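Asks: Handing you a structure now.
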Amino acid sequence: MNDPKIIIALDYAEAAPALALADRLQPSQCRLKVGKELFTATGPALLEQLMKRGFEIFLDLKFHDIPNTTAQACKAAASLGVWMVNVHALGGRKMLEAAREAVANSAHQPKLIAVTMLTSMAQEDLADIGIAATPAEMVLRLATLARDSGLDGVVCSAQEAAMLRQRCGSEFCLVTPGIRPAQASLDDQSRVMTPQAALQAGSSYLVIGRPITKAADPLQALLAINQEIVGARFIAP
Ligand SMILES: O=c1ccn([C@@H]2O[C@H](COP(=O)(O)O)[C@@H](O)[C@H]2O)c(=O)[nH]1
């Protein structure tokens, strides 16, 4: 089965532009990510419309709450029929295990992954919140916790992918936002990598938003990135 590597972040304020873009795309070219902005504006109805077009959906709501609340939210998300859902690893072991159990007990079982450290954050942002670890140490600690709690993988930056591929194994799913083609604007991202380098570092899936959605021709931008990554494979360091 075709396993497209790019997940386009549909960060729009309403359904119309998201559906207009989806109508120009094929499910064989990419998966789609619906996050807080679009889901809050449109709700599950939009997910249905995207899935009806054949797309697999990453519902990126990054749940982070007490274990019972997070588990119930994951159960509700799983019932929507999406491909992937996520929580914040900072919620801790009990929360991660509760989320894992909720998804495992659902009729439809999406992949469940945990956000480690947001790709917009750098070393100084950790210092601001009283964390002395480096980004790599922080990400490794949270990814190990997520793996030990039975999750399918993590959200991390591609800069940590090679380390996590070695430490967490070949089956652990590494979903990496902060992807920027060479010369593209970084916007608010800090820990970035190019599409090809990210796959070579061990990323499983590349989350890409503005470099595609804000391009003059989003379809051409997607096709160019898909062309760039043809044949790109993990190269062990
Ligand atoms: O650590 C994270 C977790 C999630 N994201 C999300 O990915 C996209 C990235 O969009 P770009 O426009 O390519 O920057 C966005 O929806 C974020 O919410 C992330 O960037 N980093």
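Including glycine, each Cβ sits where the backbone N, Cα and C put it.
Sharing the feature lines straight out of TrEMBL:
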- 5-225: domain 'Orotidine 5'-phosphate decarboxylase' (DOMAIN)
- ASP11, LYS33, 60-69, THR119, ARG180, GLN189, 209-210: substrate binding site (BINDING)
- ASP60: active site, for OMPdecase activity (ACT_SITE)
- LYS62: active site, for OMPdecase activity (ACT_SITE)
- LYS62: active site, proton donor (ACT_SITE)
- ASP65: active site, for OMPdecase activity (ACT_SITE)
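Please go over these features one by one and say how buried each is and what sits next to it.
Replies: The 10 Å shell around the Cβ of GLY209 (substrate binding site) contains 19 further Cβ atoms across the protein chains shown.
Long-range C-beta contacts of ASP60 (active site, for OMPdecase activity), restricted to its own chain and to partners at least six residues apart, with a cutoff below 8 Å, comprise ALA9, LYS33, VAL34, GLY35, LYS36, ASN86. According to its DSSP assignment, ASP60 (active site, for OMPdecase activity) is in a strand.
Within 10 Å of the C-beta of LYS62 (active site, for OMPdecase activity) there are 16 other C-beta atoms, taking all protein chains into account.
Long-range C-beta contacts of ASP65 (active site, for OMPdecase activity), restricted to its own chain and to partners at least six residues apart, with a cutoff below 8 Å, comprise ALA73, GLY91, MET95.
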Asks: Reduced to three states, what secondary structure does DSSP give PRO67 (substrate binding site)?
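Replies: Reduced to three states, the DSSP call for PRO67 (substrate binding site) is helix.
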Asks: In the three-state scheme derived from DSSP, which category covers GLY209 (substrate binding site)?
Replies: coil
Asks: Please list residues from the chain of HIS64 (substrate binding site) whose Cβ is under 8 angstroms from its Cβ, counting only those at least six apart in sequence.
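Replies: HIS64 (substrate binding site) has long-range Cβ partners THR70, VAL87, HIS88, LEU90, GLY91, MET95.
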